[in-house]
């Protein structure tokens, strides 16, 4: 049996030299069980930045892909980096151990330069940002201008100040940017909206439950069947199950929903002004957002445990709102609305009849989004499903990657 020796660079002795069979080496070099399905030179050269929960799933889903070929150019965690060279390649079977023992510090400028050299050789490249870093997001215009494609679940670049977003759009003539998983994880929200817009449909309104955390909380707190459980108790349970951020204040302030609304609003042509400027100049901070914790003290905002100690003080307030909604035959849902006709973008806690899909169709941490358009006038187009989770978010990322290479 032929063997191939692959050096991973400055790592521990255990992984300094890896020897594997020809069949295994093909996997390591092309990430596919049938590399011949990709013509030579058409492999996608991949740099993965961020290998936490989502990033790890992205790498594993790429490795498991049975159809398309990938070459792993670089992997970075928050502290360490692995990078392939002309003579050395990264072994996907042992990438976690190799990265954990790497002595190479993260240098994203080096990653960019490596991808840029591949572009000069007419190779197709993609920079996958699995972080939530503003600094990494600000690299996108330069990456795109260099002909490097960008795929990311990072909301920062698309929901912040309009200048960065404008720069990304203007730089996308050379490279493509895809960010399906910034809204709804793996759900086809952005692609559906783009299809509607690019086929000439006119969006009238988008409304939905965009936060898996808010969905879980209010599905349990204000159910169609009724509930007596306190608001703080449900939030405590959601936190224990990992549905919230370590500090639930970061979910209950509505900012995450506001970011997602910003991303969608900027895709809709009718929301541009007369000078063709994109809407919401300050991004999510320009969205009319109802915070559920506006009376929280600074100590609670900055510390999750302190927040949970404070939250029971709000139980009577939320119980009263729940009872008022029930008296009207309604439930409470935290929703996001992009009202194109009235040019209003808002995130708020609203009442919906118990017969409404937002009341009857949701379970767990589901997202549900309704597209009201000229074509879908009487019956809106509805997308629903799991809107959070590492595996489904990674699926959204990988589906964007595949869009770059599908024939």
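Along the chain as shown, residues are numbered 1 onward.
Glycine too: its Cβ is placed from the backbone N, Cα and C atoms.
What TrEMBL records for 50-172 is domain 'Aspartate/homoserine dehydrogenase NAD-binding'. According to TrEMBL, the NADP(+) binding site annotation covers 50, 51, 52, 53, 54, 55. Annotation comment: TrEMBL describes 131, 155 as NADPH binding site. Summarising the annotation, TrEMBL assigns domain 'Homoserine dehydrogenase catalytic' to 188-402. The annotation L-homoserine binding site is assigned in TrEMBL to 245. The active site, proton donor annotation in TrEMBL covers 260.
Here the features listed in TrEMBL are painted onto the structure.
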residue : record                    : Cβ within 10 Å
50      : NADP(+) binding site      : 23
51      : NADP(+) binding site      : 23
52      : NADP(+) binding site      : 13
53      : NADP(+) binding site      : 14
54      : NADP(+) binding site      : 24
55      : NADP(+) binding site      : 24
131     : NADPH binding site        : 21
155     : NADPH binding site        : 22
245     : L-homoserine binding site : 14
260     : active site, proton donor : 29
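Residue pair residue 55 (NADP(+) binding site) / residue 155 (NADPH binding site) shows a Cα separation of 15 Å. According to DSSP, the secondary structure content of the domain 'Aspartate/homoserine dehydrogenase NAD-binding' (50-172) in residues is 58 helix, 21 strand, 44 coil. Residue 131 (NADPH binding site) and residue 53 (NADP(+) binding site) are 10 Å apart (CA-CA, integer value).
Calculated from their C-alpha atoms, the gap between residue 54 (NADP(+) binding site) and residue 260 (active site, proton donor) amounts to 18 Å. Separating the Cα atoms of residue 52 (NADP(+) binding site) and residue 131 (NADPH binding site) is a whole-number distance of 8 Å. The recorded positions shown are 50, 51, 245, 260; of these, the one with its CA atom nearest the CA of residue 131 (NADPH binding site) is 50. Ranking the recorded positions 51, 245, 260 by the distance of their Cα atoms from the Cα of residue 155 (NADPH binding site) places 260 first.
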